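Database features (TrEMBL):
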type	residues	note
COMPBIAS	1-11	compositional bias 'Basic residues'
REGION	1-40	region 'Disordered'
COMPBIAS	12-31	compositional bias 'Basic and acidic residues'
DOMAIN	119-268	domain 'EngC GTPase'
BINDING	Asn158, Lys159, Ala160, Asp161, Gly212, Gln213, Ser214, Gly215, Val216, Gly217, Lys218, Ser219, Ser220	GTP binding site
BINDING	Cys294, Cys299, His301, Cys307	Zn(2+) binding site
Amino acid sequence: MSKRKISRQQRWRIEKIQQERSERAAKRDAALDSSLGDGSLGPEQEGLVVSHFGQQVEVEGQDGQRQRCHVRSNIEALVTGDSVVWQAGNPTGVIVARQTRRSLLERPDNFNRLKPVAANIDRIVIVFAVEPEAHANLIDRYLVAAETVGIPPLLLLNKADLIDSERHQKLLAMCERYQAIGYPLIQASKHTEHGLDDLSNTLNDHISVFVGQSGVGKSSLINCLLPGTDTRVGELSEATAKGRHTTTTARLFHFPAGGSLIDSPGIREFALWNLDREAISQGFIEFRPYLGLCRFRDCRHEQEPGCALLEAAEQGKIFPERLFSYRQIIASISEN
């Protein structure tokens, strides 16, 4: 996904919208100041953002109760997983501060901005499935993002009951590549319950986020892991076999044995234009022993003589498929 080029008229509209938002935010802050002054809000307390609804967020207090809250305009964008200081109110509370984040997963949007996906997570679960077709380049983009922010990834192949060893040789070979590189991978199925115990045990005591394209069954898995949880489940489009978006905002769920899981909206593309060539190269972990060993310092790892990555691929030390995927990502950021 490349950056969207903005025309002069579009830029004017964006600036106008931002001005209107600022004016509305000022009015909201004035109303909040009035509430603070009349004593209608409770004492300050710590809380956890568990979902986001437009200009409001849902906060979970230390007693487990949840309430919709307004966010003061001087607070930077909040995201599910954020720790905050807030005050309860009737009917809505107020966020007065955001605590320091331990980690943050972001993705670029179509308007050259970084959009936060989830905060304070310690595991990124990359979900893909037999249907819709899994794309290695999308998985690689998630892996690069995870490696860049230093959050361990877990690969999760869902709908494993649909695997046919004859029809899905390409998918199985892809899974074997990732495991050979050293990435943990779990196969799961809600229908046979295969892999669900392993997945549950892996997620316990961690704060994880599910990421992946639409239709891979993230919400279905959560319904299996947490019976009684109300998450909407989408169907695949019969025409395209692509997923329909059902999760529209990231939501946080707790496991009874400890730990939490954030279900993020499905996407079909994950841009990395915010990263430079060096960061993307480091994001392919098996490339690291060969980086800096090329004959030419400005080697692009394409057809240059003395390229350490090309030699490693020819010798079977790295997978050619991963090198091809790397080139695709580099080409996409070079367009910008």
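Every residue gets a Cβ built from N, Cα and C, even glycine.
Structure with TrEMBL features highlighted.
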residue: Asn158; record: GTP binding site; CB count, 10 Å: 26
residue: Ala160; record: GTP binding site; CB count, 10 Å: 18
residue: Gly212; record: GTP binding site; CB count, 10 Å: 26
residue: Ser214; record: GTP binding site; CB count, 10 Å: 19
residue: Val216; record: GTP binding site; CB count, 10 Å: 27
residue: Lys218; record: GTP binding site; CB count, 10 Å: 29
residue: Ser220; record: GTP binding site; CB count, 10 Å: 19
residue: Cys299; record: Zn(2+) binding site; CB count, 10 Å: 18
residue: His301; record: Zn(2+) binding site; CB count, 10 Å: 21
residue: Cys307; record: Zn(2+) binding site; CB count, 10 Å: 21
Note on Zn(2+): the CB centroid of Cys294, Cys299, His301, Cys307 has further same-chain residues inside 8 Å, namely Arg295, Phe296, Arg300, Glu302, Glu304, Gly306, Ala308, Leu309, Leu310
10 Å Cβ neighbour count around Cys294 (Zn(2+) binding site)? 19
Where the distance is taken from Cα to Cα, which of the binding-site residues Asn158, Ala160, Gly212, Ser214 turns out closest to Cys299 (Zn(2+) binding site)? Gly212
For the domain 'EngC GTPase' (119-268), provide the mean pLDDT of the predicted model. 87
Grab the GTP binding residues from the record (Asn158, Lys159, Ala160, Asp161, Gly212, Gln213, Ser214, Gly215, Val216, Gly217, Lys218, Ser219, Ser220) and give me their largest CA-CA distance in Å. 19
Would you kindly give the Cα-Cα distance separating His301 (Zn(2+) binding site) and Ser214 (GTP binding site), rounded to the nearest Å? 33
Students should find that the Cα atoms of Lys218 (GTP binding site) and Cys307 (Zn(2+) binding site) sit apart, in Å rounded to an integer, by 40
What is the three-state DSSP composition of the domain 'EngC GTPase' (119-268), stated as helix, strand and coil residue counts? 46 helix, 32 strand, 72 coil
Tell me the Cα distance separating Ala160 (GTP binding site) from Cys294 (Zn(2+) binding site), rounded to the nearest angstrom. 41
How many whole Å apart are the CA atoms of Ser220 (GTP binding site) and His301 (Zn(2+) binding site)? 41
Name the secondary structure element type, per DSSP in three states, that contains Cys299 (Zn(2+) binding site). coil
Closest of Asn158, Ala160, Gly212, Val216 to His301 (Zn(2+) binding site), Cα positions, binding-site residues only: Gly212
Between C-alpha atoms, which of these binding-site residues comes nearest to Cys307 (Zn(2+) binding site): Asn158, Ala160, Gly212, Val216? Gly212
